[in-house]
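Features reported for this protein in TrEMBL:
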type	residues	note
DOMAIN	55-127	domain 'Cation-transporting P-type ATPase N-terminal'
TRANSMEM	103-126	transmembrane segment
TRANSMEM	138-162	transmembrane segment
TRANSMEM	304-326	transmembrane segment
TRANSMEM	338-367	transmembrane segment
TRANSMEM	800-824	transmembrane segment
TRANSMEM	830-852	transmembrane segment
TRANSMEM	873-898	transmembrane segment
TRANSMEM	940-956	transmembrane segment
TRANSMEM	977-995	transmembrane segment
TRANSMEM	1007-1025	transmembrane segment
Amino acid sequence: MTQVSASMKRVAIEEGTAVPVSSHSTMNEDLRLRYRTLSIQLDGPNKDVPLRNLDVHLWKPQDIFTRFNTHPQLGLETAAVTRKTAEGKNIISPPPTRYVKQIIGYVFGGFNFLMWIALVVTVISYQPLGSLNDNTPAPFNLGVAGLIFIVIILSATFYAFVDWNASRIMTSIRSLISETATVVRNGETITIPSQDVVVGDVMLLSLGQRVAADVRLVEVSHDLAFDRALLTGESDPVSGTVEPTEKNVLESANIALSSSFCVQGTAKGVVFAIGDDTIMGRIIGLSSQQATTHTPLQKELWRFTLIISSLALSLFSLSIIFWATYLQRDHNGFFSLSVAIINSIGCLTAFVPQGLPICVALSLTIVARRMAARRVLVKNLSTIETLGCMSVLCSDKTGTLTEGSMHVEGYGFADSSFTTDEECGVLSPAEKELAMVARLCNGASFDDSADPERSAKRVVRGDATDSAILRFVEIFPGVPELVESHDKIFEIPFNSKNKWMLSLHVSKDTGASTLLLKGAPDILFRSCTTVLNRDGTSVPFTGAARTAILQLQETWSNQGQRVLALCSKREDSKTISRFTGPDGHANALESVAHGEFTLVGLLGIRDPPRPDVLPAVKIIRRAYVRVFMVTGDFKNTAIAIARSVGIITNEQVDDIDGLRSNANAREWFVKAKYPDMKPHPDHAIRSLVLVGADVEEMSSEDWNMAVGFYTEIVFARTTPEQKLQIVQAIKLRGDNTVAVTGDGVNDAPALRAADIGVAMGSGSDVAKEAASMVLLGNDFASLVVAIENGRLVFDNLKKVILYLMPAGTYTEFAAVFANVYLGMPLALSSFLQVAFSIFNDVSMSIALMYETAESDLMLRRPRNARTDRLTDWRFFVQIYLFIGLMMWICAMGMWFLFMSENDIGFQELLLAYESWGASLPIHHYTTDELTSLVNTGNCIYYVTMIFLQFGCVLAVRNRRVSILQANPFYGPRRNPVILVGMAVSVSFGLFFLYAPALQNLFGTTPIPAKFWFIPLGFGLAILLMDEIRKLVVRSFPDSLVAKAAW
């Protein structure tokens, strides 16, 4: 256990503890009820203190440091840290694994339940049915039952291995994200791994950081707020205070809970619980039953499983019913019920694509590994599935489309402007004022001593904008001394809602008080009444001066620069108390609203687009994924950057008025259904720009037009709430699967709401936690790889089904059908049916999961998660009217060829029933000789199927492209695993035919040498026929063949 004060000994259960969750919490009701009884004990005078009465939040700040043996400025000493570290790491133990439930799932899950049915009926066919009428039970039946049991065990083992391997891979991938905490130790502020935090640590919290432990706050900024969505399910921020706000420690605002995020402001606090002793640790410990949700692919596979299983059981039942109602009556000597069952087992085993569940798990882990190699972290495998459906990408600008490495490119006043390349000699009065505002009203700081000569190389702590301004202003003479000569009295840090930062400073030399303001020009211009010329003269912010400033802003914005306004206002020293008192934040907001600031000047900041973004956007758009920009920047800046990265390609860009002016289109979208609200691919590309104010007032009809009519959209000047509204509106219309990229705290709500949240590796902890995927290398082009791999998973699974179904549900079943309904000897024994389905097909289907993307994969439309299925009518045309038909003709033809070579003609095989080997004279063959011929024919049929599947697997590798452009053995589309699969399949064939034990039990036998080679020609024929089909599809895209192509 971990120390709280002296130590925390045990967890007790106490009835009635309040729960810090809302009615909308994602916790299940059982967990909520159990959570209510949680309590905790402390050493000291009060040993049995229930959690609801724990008073750590009621202690005075000075008492906090005393009780936890720490210091507000120095923090813990090294000796104390070493002692506390020995008591345990700050790690939450994972919930216990339910091994019994997992094993049951492996053994009975997927298609294994059909194999269990096959096992049971096979055992019944051996005993007691095999003993009916004084017959001797056939060892063959028991052998088949044993084989089916082995198959079940092997399948379960393989499922478990793939699951374990996937878990191992995902764990290693998640470990690529390192979580850190900022603490004070030995008087130094240091950053340490979160797991090294100990009780008593003085922790510093700032915007975007994850709270690494349960913390009692002792110092907070006025705007401090936390996101507790992970704990409560509520996305609304919770404010932070020093004073307690509730009697219950869990609900008091002066407690920062582990796994919450600081989304606004700064704070200092003392850690009072770590690891399993935190609230999050207890929640995970209590949650023994996790609710499982099925991904779209899992639902699709379950639907497919139900269809196949129902069909298999129906055909098996029909075979038994046909035997009972017809064969037993009219052909009593044909075969017994025991034989009818064992022969019909093929209806169950042949229809089971046993390789499919294995391939699903395997494919996702293969893709996750590929993406990890490209520094793309996927938090859960279901994200990979969803990537293939992405139809809209909403991207943040700063740090995502741009490099995030900002630099100030120019500054200007009412009467002049300058670039940073120009020499900075003696500062003018306005430049001095500009430097003061830029340096003091700044949230960034250097990590080392102030040395202007090294400012470009020094490490800066702070956001990209403030860091760029800090580096810029440090070159001005006399600026480093500004910090030393001014005391900061009050500050409101920048946030994406206000879009400004404010600070109050007092000069140590003169005692003068100055209120400094920095932020978005279109917001702050309303607060300014005067503006400075370069010589320091102040003129009214009207007329020519205002026009000049607005023109400068527009010029820089059109060049893609972010423009900031810097303002100042002299304050009477007597009014300082207005900002230092309890109403300081409100009074500051009032000062900004009432204005009377002087606009000191403007700064133009360049954040260049990432060089990889433009080609990546082009590829993504060619893949029929619309790319929208959603940013808080000024409209002109956003449009300029959008043009430079290929998001906007039109000269004409509509605004909200243009959107509402197209009456004909608007009338259509008013009547259209939500799924139909998407741009037609043949229509002209249309562009739209909307600002946050437009988003607030847009009606449902406006959204219909925006989402359904425009291909290119830029959303500018948006707040986090508006970003969330945008994502929700897009998801509602056009069957869109929406991805959102972002890196800041303000992006977190939209990242959570999106189908796919994508955070940058350099982004805030809040963004990375909210996202389902993280681009660790901050490489926007990685999204192309992610989309391609998401599509590849679904594409390869379709190929696996297309490979498995013709042999299983057609060629194998055809042998059973001919036996039961046409009275022919069984052309493929039930043993070889099971062996082929499980061993040969699985080894080859796994090879398909290593296929790389086809050349046109990123030229197709994204999959519609609602309407597009793994299989459709085109699939069944390919399976049953093309490949399956050819395979059945070839396999059955080889069987008839062998029989004809032994003077047994077609007419003697068809409708033979009980006459076979009994009353039917077949060239004086004995019964044993006929049995031997049938066994050899079974093996020929089996070997023929092996080589036919070689042609099938090479045919299904490509939907449209010729094998000559996608060679499996060399070149960019090579897949050496196919050769391995072929070798393994042939090896199984040799083993089953030549192993003496199997020959004795199952009647397998060697076959004439030519029957090993003739099927190779048939395999090539299937490949050739499919090549001809692809050629027709490519040459005549409007033909019936092309329309029926899968």
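Note: Cβ is positioned from N, Cα and C throughout, glycine not excepted.
Contacts between the transmembrane segment (830-852) and the transmembrane segment (138-162): present, as 3 or more C-beta pairs lie under 8 angstroms, all at sequence separation of six or more.
Contacts between the transmembrane segment (873-898) and the transmembrane segment (1007-1025): present, as 3 or more C-beta pairs lie under 8 angstroms, all at sequence separation of six or more. Listed as Cβ neighbours of the transmembrane segment (304-326) (distance under 8 Å, sequence separation of 6 or more from its ends, same chain) are residues 110-111, 113-114, 117, 335, 337, 340-341, 343-345, 347-348, 350-353, 356, 801, 809, 813, 816, 820-821, 870-871. Residue counts for the domain 'Cation-transporting P-type ATPase N-terminal' (55-127) under DSSP (helix as H, G, I; strand as E, B; rest coil) come to 40 helix, 1 strand, 32 coil.
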